[in-house]
Amino acid sequence: MAKKDYYDVLGVERGADEKEIKRAYKKLAMKYHPDRTQGNKELEEKFKEIQEAYEVLSDKQKRANYDQYGHAAFEQGGFGGGGFSGADFGDIFGDMFGDIFGGGRARQRVVRGDDLRYDLEISLEEAVRGTTKDIQINTLAHCDSCDGSGAEKGSKVETCSTCHGAGRVRRQQGFFVTEQVCPSCHGSGKKIEKPCKSCHGDGRVHKKKNLSVKIPAGVDTGNQLRLSGEGAAGENGAPNGDLYVVIHVRDHHIFERDGSNLYCEVPISFTMAALGGEIEVPTLDGRVKLKIPAETQTGKLFRMRGKGVTSARSAYAGDLICKIIVETPVKLNEEQKALLRQLEESLEGSSNKPKSSSFFDGVKKFFDNLGK
């Protein structure tokens, strides 16, 4: 099968300079590296093709031969002779993996402690007004017995001779460079003569920790509070992680919350709905009087401004929205039933019951039209 043009393989123009060729190669090599393609044979062949193209175009003499004779310059007995000798890919892969593996020099591994999560349930009143809650977490803490060194007091702690304190070692196979945890010190970068009996050489121990968490006013379900440095202890003296407290507000028996607004259902008698009156409704600040106008229907909303929640991100309080539910009387005695029948007979159609009259007139028209 005919070979592709090396310039096309790297995606560069024929007049590209050395920097452009190197940049193009690095980008493609990173994309098609076998560590990323996970055994895909087609992509492995693509990677070999990219390497072959770079080896030729990065070498001035080979590039000149290729520009003059094409692929024939490197065929057995061809004009250029010599085949492929293996270009110096070390600096290329050193650059590529430098950011991932900490640059070209070995450095001791510093691993920040894990972040932790704590789910905290609070009442609506606590969420609205703010509160302080005591919590207990399970965490990895600095070992007091060895002061975090991992070694028994008086025991020697030496730098690991395999990784020279880096905690990781590099392996080079041809022009491939890989990095892995040091097998001698298991990533700690040190050799301990006598490990601490409390932490078994880790420098950290599992323990329960008590904390007081200040909950600001206006929080809601899903809000997170970050307690900096209250997570797990880091390795080898690295910083602690953070603790994230996730708020969950319990359902309330009266109010429902939607952002800064509160909602509640207010039942009233059908006589009050018809005649009007005044009732007391609950708010988080106490009882407030609400005037019910005559002829109020079920579902009517009354907005009480400023009686909602002041959220953690706003200086303004939301509203309390009361939904009226007209309650039908139940368990009536015979006398009460007779009074209601008498009332029903006294009510005129459209003037006293406009919605009922309108509805049934509409139903009649519907069936009349259906029969035509």
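Positions of Cβ are set from backbone N, Cα and C atoms, glycine also.
The domain 'J' annotation in Swiss-Prot covers 5-70 and rests on sequence analysis.
Feature annotation from Swiss-Prot assigns zinc finger to 130-208; the stated evidence is sequence analysis.
Sequence annotations record features per position, and here Swiss-Prot assigns Zn(2+) 1 binding site to C143, C146, C196, C199. Remark: C143 (Zn(2+) 1 binding site) has G150, C196, S198, C199, D202, G203, R204, V205 as non-local neighbours, by Cβ distance under 8 Å and separation of at least 6 in sequence.
Sequence annotations record features per position, and here Swiss-Prot assigns repeat 'CXXCXGXG motif' to 143-150 (among others). Counting residues per DSSP class in helix, strand and coil order gives 0 helix, 0 strand, 8 coil for the repeat 'CXXCXGXG motif' (143-150).
Counting residues per DSSP class in helix, strand and coil order gives 0 helix, 0 strand, 8 coil for the repeat 'CXXCXGXG motif' (160-167). Look at Swiss-Prot and you will find 160-167 (among others) tagged as repeat 'CXXCXGXG motif'.
What Swiss-Prot lists as Zn(2+) 2 binding site is C160, C163, C182, C185.
Mean pLDDT of the predicted structure over the repeat 'CXXCXGXG motif' (182-189): 79. Per Swiss-Prot, repeat 'CXXCXGXG motif' is recorded for 182-189 (among others).
Taken from Swiss-Prot, the feature repeat 'CXXCXGXG motif' applies to 196-203 (among others). If you look at the repeat 'CXXCXGXG motif' (196-203), the same-chain residues 6 or more away from its ends with a CB under 8 A from one of its CBs are 142-146, 148-152, 188, 233, 235-237.
According to DSSP, C196 (Zn(2+) 1 binding site) is assigned to coil rather than to any helix or strand. Secondary structure of the zinc finger (130-208), assigned with DSSP and counted as helix (H, G, I), strand (E, B) and coil, comes to 0 helix, 37 strand, 42 coil. When the Cα atoms are compared, C185 (Zn(2+) 2 binding site) and C146 (Zn(2+) 1 binding site) turn out to be 18 Å apart.
In this structure the alpha carbons, written CA, of C160 (Zn(2+) 2 binding site) and C146 (Zn(2+) 1 binding site) are 19 Å apart. Residue counts for the domain 'J' (5-70) under DSSP (helix as H, G, I; strand as E, B; rest coil) come to 52 helix, 0 strand, 14 coil. Of all the binding-site residues listed (C182, C185), C182 has the fewest other CB atoms within 10 A of its CB. Cβ neighbours of C146 (Zn(2+) 1 binding site) (same chain, under 8 Å, six or more residues apart in sequence): E152, K153, C196, S198, C199, G203.
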